[in-house]
Amino acid sequence: MKSAISSSLFFNSKNLLNPNPLSRFISLKSNFLPKLSPRSITSHTLKLPSSSTSALRSISSSMASSFNPEQARVPSALPLPAPPLTKFNIGLCQLSVTSDKKRNISHAKKAIEEAASKGAKLVLLPEIWNSPYSNDSFPVYAEEIDAGGDASPSTAMLSEVSKRLKITIIGGSIPERVGDRLYNTCCVFGSDGELKAKHRKIHLFDIDIPGKITFMESKTLTAGETPTIVDTDVGRIGIGICYDIRFQELAMIYAARGAHLLCYPGAFNMTTGPLHWELLQRARATDNQLYVATCSPARDSGAGYTAWGHSTLVGPFGEVLATTEHEEAIIIAEIDYSILEQRRTSLPLNRQRRGDLYQLVDVQRLDSK
């Protein structure tokens, strides 16, 4: 049975038969250890003869192999593809948003042009950049993206600018209308001006923090049902929108599909932003050993929903490479994909996963086989 849920983590049932799945490895290692009391084992094991040390290393390697790391991803993880560019500049456009839609579109266009003039080959816009962020506004500002033209002036602008400037644009997100449904949708345009991918926010922002903030996107929006990964002139990119970043399974699926970079247009608020915004970006980058880029609207203290700001680029070691505060800003930062292999060689997580204990299942890829 096909499922709209794209992934799941589960424990391999064969291990439930053994309450201590490590016991067989421990018994193997004990053949090389002298009979020691618990108090003295640390000092004595430091003095093992070289032959025993070599044997332990050999067993350690054998153990790692028997952990079946290749089975920790179902289907197996794809190799990291060779990107079209090794180094390039990304532009993060942290924009102010008003109730004037025409102004918002014109303002975003100018910001994209400025980022490109400063060398950006990839430009990322914020979540809901053409509309105020509210359930009342989503139906009013929604566009029929598939119809294009006058039915979707925001995406028409993105298409024109990406083609003219020969850049890739991750178009933040806008409210999308499809029949009687509304989605929070990110459009990706290639350097030829063509729409290469469309990501509808999978995890809707429904929260209630007493005394702080309550917001229910599900009052007006419908959740998307498909993870989105796209090959572009600047590499393979996985797309999420704001709340999507909280779900590590989505990022893990993108990494297993060979993503170089994850892009999350988002609008964290003044409650969750200070605590979680940077933390989640660094976690997704570190766990999956890839780049993570985020872009927020600029803060407007007079708006009904106040964004945290702090658009950021994080490297594959979890390091913050570039960020800003809450005001309008255009960040230009370099991405170097050669670092991905360096980090993955230094910390070979893909060869150390415990496929004998857990697996990440990419339901979409599995169903397509």
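Even glycines carry a Cβ here, placed using N, Cα and C.
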Candidate set A64, A147, A283, A298, annotation N-acetylalanine, source Swiss-Prot, matching residue: A64
Pairwise Cα distance for E127 (active site, proton acceptor)/C242 (active site, nucleophile) [Å, integer]: 7
Under 8 Å by Cβ from C242 (active site, nucleophile), counting only residues of that chain that are 6 or more apart: E127, S173, N184, K201, F205, Y264, P265, G266, A267, F268
Secondary structure at K201 (active site, proton donor), reduced by DSSP to three states: coil
Overall pLDDT for the domain 'CN hydrolase' (88-337), taken as the rounded mean: 98
E127 (active site, proton acceptor) CB neighbourhood, other CB atoms within 10 A: 26
